[in-house]
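J.: Below you'll find the structure I mean.
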Amino acid sequence: MHQLVLIRHGESTWNLENRFTGWTDVDLTPTGIAQAVAAGRLLRDEGWDFDLCYTSLLKRAIHTLWHVLDEMDRTWLPVVKDWRLNERHYGALQGLNKAEMARQYGDQQVLLWRRSYDVPPPALQPDDPRCERHDRRYAHLKPEQIPLTECLKDTVARVVPYWEQTIAPAVRAGQRVLVVAHGNSIRALIKHLDRISDTDIVGLNIPNGVPLVYEFDDALRPLGRRYLGDAAAVEAAAATLAQHSVSG
Ligand SMILES: O=C(O)[C@@H](CO)OP(=O)(O)O
């Protein structure tokens, strides 16, 4: 049997300010740091250990991983950072306030932007100062690989090949893998692993900073997934997120 642990980053400054974030590189809040520390402590106390870690190119995920590994006394572990684990690109909505947009465009439109599987939000213009095409961290990519917007389907199209070509072979080879990523890059991976339909994925929300354990058979077919820690608290956090994604 193989295992994999996934963690969504702790609360970010723009989670707190209720702003569409996407590829904007905002940091953790003090609460987000505390969530990351608690996740590391939980993993340590439950006897988890890892050989290899993957994260995105965004500091809210990278710093979450730092805090988790620091709690586990494993800051020396190899860490692979890849853009394909980045959050879903939020296009021209990046930086705007979710509640404000709901007031302007209505809850249904905001829910469509946030959770529809295949309708992307309005795209950024390539000359928009928010566009990441001039950001050095993506200089190894062709400009057209750097999104101007993404729906979840687009995120699946980059996360799943990364899973299949890079992370899954490591898990299959017996490496104990920890992935720290983002709400929607994790939803993309879960959708693929658990064959969740395009409509059912709308209702799946990932709480910040809670380790999610997958178990697989030898052929890497998922046997189940479960959150570590207090089940009631995890459920309450996911329910709040679900409510929030409707009301902006
Ligand atoms: O703003 C974002 O990038 C994401 C994650 O915080 O938000 P949402 O819940 O709308 O997917």
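Cβ atoms here come from the backbone N, Cα and C positions, even for glycine.
Straight from TrEMBL, here's the annotation block:
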ACT_SITE  HIS9  active site, tele-phosphohistidine intermediate
ACT_SITE  GLU87  active site, proton donor/acceptor
BINDING   8-15, 21-22, ARG60, 87-90, LYS98, 114-115, 183-184  substrate binding site
SITE      HIS182  site 'Transition state stabilizer'
J.: Hey, how far is HIS9 (active site, tele-phosphohistidine intermediate) from GLY183 (substrate binding site), Cα to Cα, in Å?
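T.: A Cα-Cα distance of 8 Å.
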J.: Using a 6 Å cut-off on Cβ distance, which of the recorded positions ARG8, HIS9, GLU11, GLY22, GLU87, GLY183 come close to any atom of ligand 1?
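T.: Among ARG8, HIS9, GLU11, GLY22, GLU87, GLY183, near ligand 1: GLY22, GLU87, GLY183.
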J.: Neighbour count, 10 Å Cβ-Cβ cut-off, for ARG88 (substrate binding site): what number do you get?
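T.: Around the Cβ of ARG88 (substrate binding site), 28 other Cβ atoms lie within 10 Å.
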J.: Including all protein chains shown, what's the count of other C-beta atoms within 10 A of the C-beta of GLU11 (substrate binding site)?
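T.: 22, counting other Cβ atoms within 10 Å of GLU11 (substrate binding site).
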J.: According to DSSP, does TRP14 (substrate binding site) fall in a helix, a strand, or coil?
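T.: DSSP call for TRP14 (substrate binding site): helix.
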J.: Just jot down the residues in the same chain as GLU87 (active site, proton donor/acceptor), at least 6 apart in sequence, with C-beta under 8 A of its C-beta; none if empty.
T.: THR21, GLY22, TRP23, SER56, LEU58, ALA181, HIS182, GLY183, ASN184, SER185
J.: In terms of DSSP three-state secondary structure, what is the assignment for HIS182 (site 'Transition state stabilizer')?
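T.: SS state of HIS182 (site 'Transition state stabilizer') = coil.
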